[in-house]
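Q: Below, the features straight out of TrEMBL:
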ACT_SITE  Glu150  active site, proton donor/acceptor
ACT_SITE  Glu249  active site, proton donor/acceptor
DOMAIN    25-265  domain 'Xylose isomerase-like TIM barrel'
Amino acid sequence: MSGLKFCANLSWLFTDLPDFSHRISAAAAAGFQAVEAGWLFDSDLPELQRAREAAGVELVLINTPPGNVRAGDLGLGAVPGREVDFRLGLDLTLKYAKALNCKRIHLMAGRIPVDSHRQTVAQEMENVFVQNLKYAADVLSKEGITGLIEPINTRITDPRYFLDSPHQAAAILEKVGKPNIKLQMDLFHWQIMDGNLTQNIHKYFPIIGHVQVAQVPCRNEPDSDGELNYSYLFNMLENLGYKGYIGCEYKPLESTEKGLGWIKQYQTHRAL
């Protein structure tokens, strides 16, 4: 049985370096063979290409644009009236993904509109999301790219985010019915919203297309103090046959490099 593979999330790690090109190099120097990021759109694309090729790392995942952050946007996939903006953002993301040979795109759902109640707008937002995901699936399938949807917890991180549980996401994916749109499992968010990780991972494993990790509740390294037993969770993912990368999307307690001991411990344990 092969071991798990980890990739550095450059929106969270190596943030002492000002630009993503340098973070790519730093991740490679730290031993990562792959990286992921939230949004790269403020970075020069040719420079990112040069940095990635020079470092010899794979870019595993990027997100669609958040929209107008100052106006409160955090993704547009489920937001009524923003369908054109979502498609334009998808086009931009696809441009970066193709240039950087990235095969996964997180299609961000977005937030409940201000002054709206979740129950009142939930069905309309789900309908918009399903239609946008079907559109995205057709666009991405032509490029061999997988689209992902990620539940984000509404108890700590973002109270207004529309997609907030694996159960809601799975129901939406069933309505979309496209094999190249899958579930992004961030164990930090799943634990906060629903817990019951053993059962949920087993239940939804067939539709999981990417995994991310951080400790709960403070979102630090997986081996920091917290609720989650990552030795158990990693062993479960191995036994289930997970072959993709696991994104390290956490806030280092000190420097990124000082906090990478947990990966070395995992690799040492695997070698014994």
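The backbone N, Cα and C atoms fix where each Cβ goes, and this holds for glycine too.
Could you give the neighbours, burial and distances for every feature on this list?
A: Counting every protein chain shown, the Cβ of Glu150 (active site, proton donor/acceptor) has 22 other Cβ atoms within 10 Å.
Less than 8 angstroms from the CB of Glu249 (active site, proton donor/acceptor) sit Asn9, Ser11, Trp12, Glu36, Asp186, Phe188, Gln212, Val213, Ala214, each of them six or more residues away in the same chain.
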